[in-house]
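Before any comments, here is the structure.
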Amino acid sequence: MNYIIKNGYILDENNKEVFVDIRVQDGVIKEMGTNLEVNGENIYEANGCLIAPGFIDLHIHLREPGGEHKETIETGTMAAAKGGYTTVACMPNTKPVPDTPEQMEWLMNRINESGHVKVLPYASITIGQLGEELTNFSGLKEKGAFAFTDDGVGIQTAGMMFEAMKRAAAINMAVVAHCEDNSLIYGGAVHEGEFSKKYGVPGIPSVCESVHIARDILLAEATGCHYHVCHISTKESVRVVRDAKKAGINVTAEVTPHHLLLCEDDIPGIDTNYKMNPPLRSKEDRDALIEGLLDGTIDFIATDHAPHTSEEKGKGMEHAPFGIVGLETAFPLLYTHFVEKGIFTLKQLIDWLTIAPAKAFQLTSGKLEVGAAADITVINLEQKEEINHLEFKSKGKNTPFSGWNCKGWPIATFVDGKLKWNAGGAQ
Ligand SMILES: NC(=O)N[C@@H](CC(=O)O)C(=O)O
Ligand SMILES: [Zn+2]
Ligand SMILES: [Zn+2]
């Protein structure tokens, strides 16, 4: 089906509104201009809303195979479409892990069968994410692996990471790292700081993350590998990434909406919707993340959408799994708390959700231009709504943001020119 998206505006390089119609034909953007003539296309009436490139989230958990009670490719990508995302990259901490070309082929087939948006699957760095034996990198790449990561656990030895980076660099693939040194976790469930002291919950110190990043940056320098830091959370981590970039090392980093929005002071008490890995850290850490994003040390925003059932999350602060969902709340939360307050411009926020992740990983998506795939998100910046976890398309309802009032909601999402989410209204 072909569309003309009418009466919406895009943002130009200077954060200025430019009203354009967009002609979408055979999955690509065919024409952009004013008052486009309708030649039998369906009209999508954008009613003065913002038209942005489809969002890209390079860190989500879809749980399939093996965790279908938490999420499936179908439900997770529906949540993505609702949140304005047209491309997501799914983590390999599933059962089984995509650690062989056969498993990757199976996963690709499932994605093609049931994904509502584009899904880029990560392959694991080590067999079973056990940290003992490297996977077949070139075989996995051949079957469609997007990059390599053992997200959920850190790579414990420098030797394993060194070998992984050498192999990845040789085939021009990235190593994407969950940075956590097991000898520094101390059974922690939250950040080691004010909250852990007050409530007597075991804490994870900042060095648990930052020592891995420092180590890996030196390994990236030695191998030339593209090294990407997942969910960066501490001020020391930001500093070492900043220094590495200055030194010309090929490192990129992502930050989650929750680490930008919350710190340990915001945890209201024993509530597992505030338990995630890495944990919410101190206010100074949070400020350093915002500064790092603004000065380019941190490249883009990724949600780390990590669905769990309420039963699992009901096991108490020490035993509940780490993680919160994020796909359906990222844009309204960031728009309301950073753009409306003048901390980020709208252009910056959109870029960190689109062109910036695309650039970091050499994807062709992330921009609106003639000839590009018609991955498009329409956003009503005036719409005000309370976040209600019960309305999520995701199976995961685990969020600390339920009840928050937000402005700026994605209302339609086109993937390759197909309308995959439509909040209703004129069309
Ligand atoms: N972030 C989390 O708290 N949890 C993730 C794992 C991960 O991203 O490390 C999960 O798989 O649940
Ligand atoms: Zn992780
Ligand atoms: Zn993750």
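Backbone N, Cα and C atoms are what each Cβ position is placed from, and that goes for glycine too.
As recorded in TrEMBL:
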- D304: active site (ACT_SITE)
- H59, H61, D151, D304: Zn(2+) 1 binding site (BINDING)
- H61, L62, R63, N93, N277, H308, F322, G323: substrate binding site (BINDING)
- D151, H178, H231: Zn(2+) 2 binding site (BINDING)
- 49-237: domain 'Dihydroorotase catalytic' (DOMAIN)
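Taking the mean position of the Cβ atoms of D151, H178, H231 as the Zn(2+) 2 site, the remaining residues of that chain whose Cβ falls within 8 Å of it are H59, M91, T149, G152, V176, A177, C179, E180, C230, N277, D304. D304 (active site) is 10 Å away from L62 (substrate binding site) when you measure Cα to Cα.
With H61, L62, R63, N93, N277, H308, F322, G323 listed as the residues that bind substrate, the site has a largest C-alpha separation of 17 Å. Mean per-residue pLDDT, taken over the domain 'Dihydroorotase catalytic' (49-237), amounts to 98.
Proximity to ligand 2 at the level of Cβ atoms, with a cut-off under 6 angstroms, picks out D151, H178 from the binding-site residues L62, D151, H178. Sorted by the number of other CB atoms within 10 A, the recorded positions D151, D304 start with D151, the lowest.
Within 10 Å of the C-beta atom of F322 (substrate binding site) sit 16 other C-beta atoms, taking all shown protein chains into account. Close contacts with ligand 3, defined as a Cβ under 6 Å from any of its atoms, occur at D151 among the binding-site residues L62, N93, D151, N277, H308, F322. When each of the binding-site residues H61, R63, H178, H308 is scored by how many other Cβ atoms sit within 10 Å of its Cβ, H178 comes out lowest. With respect to their backbone Cα atoms, D304 (active site) and F322 (substrate binding site) stand 11 Å from each other.
Listed in sequence order, the binding-site residues among H59, H61, L62, R63 whose CB lies under 6 angstroms from an atom of ligand 1 come out as H61.
If you take the C-beta of N277 (substrate binding site) and look for same-chain residues 6 or more apart in sequence within under 8 angstroms, you find H178, E180, H231, F322, G323. Between the CA atoms of R63 (substrate binding site) and D151 (Zn(2+) 1 binding site) there is a gap of 13 Å.
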